[in-house]
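Asks: Here you go, one structure.
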Amino acid sequence: MGSSSGQSGYDLSFKILLIGDSGVGKSSLLVSFISSSVEDLAPTIGVDFKIKQLTVGGKRLKLTIWDTAGQERFRTLTSSYYRGAQGIILVYDVTRRETFTNLVDVWGKEIELYSTNQECVRMLVGNKVDRESERGVSREEGIALAKELNCMFLECSARTRQNVEQCFEELALKIMEVPSLLEEGSSAVKRNILKQKPEHQTNTQSGCCS
């Protein structure tokens, strides 16, 4: 399972959003997944995204993962980024109970308002399980809320990388089980190839593309 580069070296392309309160570890989760490193990061200002290519279920995937700011003043900025997302990861901090209750009070409502895809796959992720002694939300509570919201569920630690890859891989597998989302992922690749064709024609008069 490795990253690969190449403009059309993948079979499917999916857009995934990371949402949740500021400080729950969304950026750390993303950095841990992308680069296998763990860093203490400053809060994201606005929206950032990163791309990861990997193979899941025998398919080469390009995941464009959007990391949205959790601060209240940036919330309106994120509304357009829900458009076209095939997967949404709702992140909370298992040591901060308010980040868990906000999944319903704030983020669940935001998804209802802004998500344009009814079949979009959602996953509830409890981060910072490496701080078990400080836990304020039990695993059982997380599972119960995930059932209530019709979400997948996983606990992880961006710091130790426990379950980080599993989080994104399980979400991608679930997305591929939904025919309409699978079609969207395939169409995105075709659009990308068509977009690039004129570039190849002008830049290389006689050559072959890999």
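One is the number of the first residue shown, and numbering goes on along the chain from there.
Cβ from N, Cα, C; glycine included.
Grabbed the feature section from Swiss-Prot, which reads as follows:
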| type | residues | note |
| --- | --- | --- |
| BINDING | 20-27, 67-71, 127-130, 157-158 | GTP binding site |
| MOTIF | 41-49 | motif 'Effector region' |
| LIPID | CYS208 | S-geranylgeranyl cysteine |
| LIPID | CYS209 | S-geranylgeranyl cysteine |
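Locate each feature and note its surroundings.
Replies: Under the DSSP three-state reduction, GLY20 (GTP binding site) is assigned to coil, being neither helix nor strand. Around the Cβ of GLY20 (GTP binding site), a 10 Å sphere holds 25 further Cβ atoms from the protein chains shown.
On the 0 to 100 pLDDT scale, the motif 'Effector region' (41-49) averages 66 in the predicted structure.
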Asks: Near the Cβ of LYS26 (GTP binding site), how many other Cβ atoms are there if near means within 10 Å?
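Replies: For LYS26 (GTP binding site), the 10 Å Cβ neighbour count is 30.
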Asks: Identify which of the binding-site residues VAL129, ALA158 has its Cβ surrounded by the largest number of other Cβ atoms within 10 Å, counting every protein chain shown.
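Replies: Counting Cβ neighbours within 10 Å, the top one is ALA158.
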Asks: Neighbour count, 10 Å Cβ-Cβ cut-off, for THR68 (GTP binding site): what number do you get?
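Replies: Other Cβ atoms within 10 Å of THR68 (GTP binding site): 24.
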